[in-house]
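Read the structure below first, then the notes.
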Amino acid sequence: MKQYLKIDEWKVIEDQFHPAYNEITESIFSLGNGRMGQRGSFEETYTGKTLQGNYVAGVYYPDKTRVGWWKNGYPEYFAKVLNAANWNGLSIQIGGVEIDLHTSEIHTFYRELNMKEGYILRNCEITLSNGKRLAIESIRLNSMADDESGVISYSITPLNFTEDIQVKAFIDGDIKNKDSNYDEKFWDEVKVGSNFVWSKTKKTGFEVITAQQIEIKANGQKVDAKATSTTREKYSELAYTLSAKQGEKLTLIKYAVNISSENHPTASFEKIASDYLARISTKGFDKMLQEQATAWATKWAINDIIISGDASAQQGIRFNIFQMNQTYTGEDDRLNIGPKGFTGEKYGGSTYWDTEAYCIPFYLGTAPAKVSKNLLIYRWKQLDRAIENAGKLGFNKGAALYPMVTMNGEECHNEWEITFEEIHRNGAIAYAIMDYVNYTDDRKHLVEYGWEVLVGIARFWAQRVNWSEDKQKYVMLGVTGPNEYENNVNNNWYTNYIATWCLKYTLEVYAEIQQNYPAEAAAKITSTAFAKEEVAQFQHIIENMYFPRDEKQGIYLQQDGFLDKVIAPVDTITAERPINQKWSWDRILRSCYIKQADVLQGIYFFEDDFSLEELERNYNFYEPITVHESSLSPCVHSILAAKLGKEDKSYEFYTRAARLDLDDYNNDTEDGCHITSMAGTWMSIIKGFGGMRLKDHTLHFNPFLPKQWNEFSFKINFRANQLNIAVKKSGVEITNLAGPELTVFVHGEARKLTKA
Ligand code: BGC
C-alpha cells in the first residue's frame with residue numbers, strides 16, 4: 001500500500017516527484033476518451049522508469065502464444081491492444097543539455113489529474129546539469145468532443161538565462177508492446193510525412209495515421225517560428241530554434257490526431273488527418289480545454305456520487321467513475337472494456353466476462369440504454385465465432401461458447417484451465433441480457449438479439465453436462481469456477497447454478513417472444529433451428545441438476561470434495577500474502593483459499609433464490625477463506641455484507657475496492673489500473689450502501705449511511721426517469737430529476753415521486 005498521492009475531492013495530486021513510483025503515477029494519470037487513450041507519461045524526454053503507452057481503441061495484434069506444452073484446441077494467438085505511435089513526443093535542449101527530470105535537479109514539482117474537467121497538469125522548476133534553471137508547465141487532454149484528437153500545451157520559462165532553445169516535437173511510431181511475447185514489433189510503416197507517421201499492424205492490417213500540428217507562443221502571443229522537418233523510418237519531427245528570454249514564457253501547443261482505418265478510408269487518410277488538425281487548431285487550445293470541461297460536466301451531472309465527510313472515499317469513487325467514462329463511451333458497438341482500459345498492457349486489453357458481470361450495471365445506471373445495448377450487440381455480433389469456438393472443443397448443433405478473452409470473438413487465452421474450463425463466462429453473458437432487458441424494459445431486444453445468443457449458450461450447457469448414473473443427476477465435470485485458485489474441479493456450484501439458470505431463462509424467453517412478437521419469434525426460432533425436443537431436454541436438466549451442498553452447515557459447496565480441505569481463516573496466513581506471489585501453484589490449488597467470490601458470486605447474482613439465513617451461512621463460511629486476489633472480489637462482498645447488515649465489513653470492502661489503484665493496494669498498479677472492477681466499486685455504493693434493487697419494474701432502496709460519512713448521494717438513470725438519492729443522517733431523500741411520476745420503495749415503504 002502506498003499513500004504518496006494527495007487527497008482532494010476532484011483531483012489526484014502528486015506534489016513532490018516520486019521517481020520510484022513513476023510508472024504507478026503514469027497508470028493513475030492515464031487519459032482516454034473511449035476512442036483513444038494514453039498513460040500519463042511526461043511529454044519531454046525522461047530516462048528514468050517510464051512506460052510510454054498510447055492506445056487506439058479496437059486496434060489489436062494477434063501475438064503468438066507462449067505455452068510450455070501445446071494442447072489441442074489452444075488458440076493460435078493472444079490478442080493485444082497495441083501500444084501505438086507516441087504523439088506526446090518533445091525533446092528540448094538548452095545549451096546542448098536535454099530537459100530530463102531524471103538527470104535534473106528538481107526544486108518544485110506538482111502534477112494533478114483533474115477529474116472534474118478531464119486533463120492532466122504539471123508544474124515544476126528544475127535546474128539542468130549546465131546550471132540553467134527553468135519552469136515547466138504542461139496541460140494535456142484527450143478530447144471528448146473530438147474523440148480522435150488530443151492536445152498539449154507545454155510552456156517553458158527561463159529563470160536564469162536568455163538563449164536559444166532547441167525544441168523537437170515528434171511522433172514516434174517505432175513502438176513495441178512491453179508485453180510482446182517474442183520481443184517483436186507489431187507495426188510496419190506505410191508512410192511518413194513532415195507531420196505524420198502512418199503505420200499498419202502486421203497480420204491484422206489495421207492502419208493508423210498519427211499527425212501533429214504545432215503552434216508557438218511567447219508570453220501568450222503567437223510567434224511565427226520556422227520548423228525544420230526530419231523524417232526517418234516510423235518517425236516524424238518538427239524542429240524549432242526558439243529564442244528564449246529570462247522571465248518570458250514560451251509555449252508550444254501540440255495538436256495531435258489518431259485516425260484509424262476502423263473509422264476512415266485509408267485512401268483519404270492524409271487529408272482527413274490534416275483537415276482534422278486544421279479544425280481543432282482553429283478552435284485553439286483554450287476552446288478545446290473549455291469543451292473538455294463541458295463534456296465532463298455533462299458526464300458528472302448523472303455520474304457523480306457525492307460523499308460528505310470523507311475526502312478520501314470521495315476521491316476514490318470519483319477516480320473510478322472517471323476511469324470508467326474514459327474507457328468506454330458506448331458510441332461504437334465494436335468496442336468493449338479491457339480490464340486495464342487505456343492505462344496499461346496487462347491482460348491484452350481484451351474483453352472478459354468482467355464486462356457483463358460488472359460493467360453493464362454501471363452503464364445501465366449512469367448512461368443512456370444504448371450504451372449497455374451496444375455492449376450486448378458486441379457479443380451478438382460475435383455469436384458465429386462463439387459457435388465456432390464451441391465447435392473446436394467438440395460441441396455442435398449451434399452450441400456457443402463465448403471466449404474467456406477476446407478481441408474479435410475468437411478465444412485468445414491460452415491456459416487450458418481458463419480457455420477450456422472457465423466456462424462460467426457464458427452464463428454472465430446470458431445474465432447481462434436479462435439485466436439489461438429488466439432494467440430498461442427493452443423487451444424487444446429479446447427477439448431482436450437476445451434469443452439467438454441465449455439459445456447458443458443454453459445448447460452449450462445442455463451438451464456440457466452429463467448424466468451421472470451414480471448420482472442420478474446431471475453433473476458438470478472438469479471446470480474452473482470464478483475462483484481461479486482451483487482448476488479442473490467437478491460440479492463447481494456456481495457454474496452448475498448459472499448453467500441451470502441459463503436453461504430456465506432461455507425457456508422463459510422462448511415463451512415470451514412467441515407471445516409478444518409471434519412473427520419475429522417464429523422466424524428466429526426457425527433460423528436457430530430450435531426444436532421442441534430441446535425444450536424437454538432443457539427441462540430435464542433444470543429439474544435434475546446436481547448441486548454440491550453440506551447439509552450439516554447448511555451451505556453450498558464450491559465444488560465436490562471442498563470440505564476435504566484444511567479449512568483455516570485467511571488471517572492465519574497474513575505474512576504469506578498475496579499467495580499468488582508467495583506460494584507455489586500446487587500449494588494454492590490444494591489450499592482452501594479462494595481468489596474471488598465464487599459461491600457468493602452466485603448468491604449475489606440470484607439473491608432472490610436464497611433466504612437471508614442461507615446468505616449469512618454461506619457468507620460466514622466463505623468470506624473468511626477468501627483472499628480477494630482478484631480486484632473483482634471486494635465489491636461483491638461489500639454488497640453482500642451490506643445486505644446482511646454488516647456495515648463495517650461492507651465499508652471496509654468498499655474502501656479497499658475504491659482506492660485499489662490510488663493506494664496501489666495490490667502492488668500492481670504500474671501494469672495499469674483495474675478498470676473493470678471500478679464498476680464494482682460503483683455497485684458497492686449503489687447496491688451495497690444504497691441497497692438498490694429492481695423488482696418487478698420497481699426500484700427498491702434499503703440504504704444505510706456508513707458511520708464514517710455525514711451523508712452521500714447518487715443519481716440513477718432508470719428508464720424515462722432520472723433520480724437523485726440522498727442518504728442523510730436525517731433519512732433518505734429521493735428526488736425525481738427528470739421523467740414522469742414514479743413509485744419507489746424505501747425500506748419497504750412506497751414513495752410516490754411526482755413528475756419532474
Ligand atoms: C480474474 C478473472 C477476471 C480477469 C480479468 C482475473 O484475475 O480472476 O475473473 O476476468 O482477472 O479482470
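Each Cβ is built from the backbone N, Cα and C atoms, and glycine gets one as well.
Residues annotated as domain 'Glycoside hydrolase family 65 N-terminal' in TrEMBL: 13-261.
Model confidence over the domain 'Glycoside hydrolase family 65 central catalytic' (318-683) is summarised by a mean pLDDT of 96. Taken from TrEMBL, the feature domain 'Glycoside hydrolase family 65 central catalytic' applies to 318-683.
Of all Cβ atoms in the shown protein chains, 25 besides its own fall within 10 Å of the Cβ of ASP354 (substrate binding site). Among the features that TrEMBL reports, substrate binding site is placed at TRP353, ASP354, LYS595, GLN596.
Within 10 Å of the C-beta of GLU484 (active site, proton donor) there are 20 other C-beta atoms, taking all protein chains into account. Annotation source TrEMBL lists active site, proton donor at GLU484.
Sorting each residue of the domain 'Glycoside hydrolase family 65 C-terminal' (692-750) by its DSSP state yields 0 helix, 38 strand, 21 coil. What TrEMBL lists as domain 'Glycoside hydrolase family 65 C-terminal' is 692-750.
Cα proximity to GLU484 (active site, proton donor) (within 10 Å) is found for the following binding-site residues from TRP353, ASP354, GLN596: GLN596. In the shown protein chains, 23 other C-beta atoms lie within 10 A of the C-beta of GLN596 (substrate binding site).
Cβ environment of LYS595 (substrate binding site): PRO482, ASN483, GLU484, TYR485, ASN580, THR626, VAL627, HIS628, GLU629, SER630, SER633 lie under 8 Å away, each six or more residues apart in the same chain.
Sequence-distant neighbours of TRP353 (substrate binding site) (same chain, 6+ apart, CB under 8 A from its CB) are MET404, HIS424, ARG425, ALA428, ILE429.
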